[in-house]
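As given in TrEMBL:
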type: BINDING; residues: Arg339; note: substrate binding site
type: DOMAIN; residues: 35-339; note: domain 'Aminotransferase class V'
type: MOD_RES; residues: Lys194; note: N6-(pyridoxal phosphate)lysine
Amino acid sequence: MKQPYLLLTPGPLSTTPTVKEAMQIDYCTWDSDYRHVTETIRQQILALAQANPDVYTTVLMQGSGSYGVEATIGTAIPREGAVLMVAINGAYGRRISEIADYYGIHHVDVVFNEDEAVDPVQVEAALAEHPEVTHFATIHSETTTGILNPIEQLMPMMHARGIVTIIDAMSSMGGVPINVDELDCDYIISSANKCVQGVPGFAYIIAKQTTLAQTADNARSLCLDLYAQWRAMTKQPGKWRFTSPTHVVHAFAQALVELQAEGGVLPRYRRYSANQELLSHGMQALGFDLVIDPAVQGPIITSFKYPTHHFDFADFYQFIKERGFVIYPGKVSTIPSFRIGTIGDVDTTDIKRLLAIVSDYQQLNQ
Ligand SMILES: *Cc1c(COP(=O)(O)O)cnc(C)c1O
């Protein structure tokens, strides 16, 4: 089947034909073949995140990435005596704060402008002001803008205070090198439809076993009980508690094989970075300014300002879509902008084609 367009969005993203093909079979959920696939995925995720399997475990959770974040927040943080600090510089940081509200978790939000990275100095000051903080959460690649937050600097500050750490690395895991052993974080979260290049349907959480082992009975949700899911997957290796997205799981297994074939996370990071650099320079040459400083820009997604006051994003979007690409509206509340993703089964040839289309649009609309 011919694809009408390539997705230049930050997940779901364009997958390879072979990943899509893996979904052509109706798989059984309970037999040993399937459990073996699940177990292999759990181990391969630890390897791609450079997490020691003696220290860390992978828990898979049905649903989109937010279900994984909610399962983690709602299981990691006990009902009594805990305070969560959230460092926020975009919509996904705000989502964690919103989850905490739903669960009645006491939280301290440290809020930054959306076009700035989380500043460790200000987080440190907030920690000094709030010695009651027991848990800390932030976003690695804040997909609102494409900023990469400095988790490497934030984690040691938390360890020094014995604070449990939760990282939403949804849009970076698999596409940006992450060394979990070095970070020594307690929880780090991603999902099937981001940089591993699978399709939507489940989230995965890498958790430190000793931390997770202390969370029995914390969960306020049956389905989103990360601890119970872990126990089930460990007791009977590879077993999910409830029906799992079998087609998605097989597509993901294939996507992991292809990530390996590409050479692993580093070559993929280089491919995404080459896409992003070409896009960023090409768009600037066509009159689109960047929203964020290239110094904190990640390779996942880039935000561009509307070039003029009368710029019509809907018209621009449609023009590009008809010619084979789907881009993304902006999410920065204060700056009229749009976003273009550079992840998925796309390379610089695709970005060049996109730039030619944008150039055509600019010429027609002068
Ligand atoms: C994609 C994403 C999520 C999850 O969003 P869903 O719509 O639930 O898939 C969470 N955090 C970040 C940073 C993301 O990019």
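Note that Cβ sites are derived from N, Cα and C of the backbone, with glycine treated the same way.
Look at the residue listed as 'N6-(pyridoxal phosphate)lysine': DSSP puts it in coil.
Around the Cβ of the residue listed as 'substrate binding site', the same chain contributes Pro10, Thr145, Gly146, Ile301, Thr302, Ser303, Phe304, Ile327, Tyr328, Pro329, Gly330, Lys331, each under 8 angstroms and 6 or more positions distant in sequence. Each residue in the domain 'Aminotransferase class V' (35-339) has a pLDDT score, and their mean in this model is 97. There are 27 other Cβ atoms within 10 Å of the Cβ belonging to Lys194 (N6-(pyridoxal phosphate)lysine). Secondary structure from DSSP puts the residue listed as 'substrate binding site' in a beta strand.
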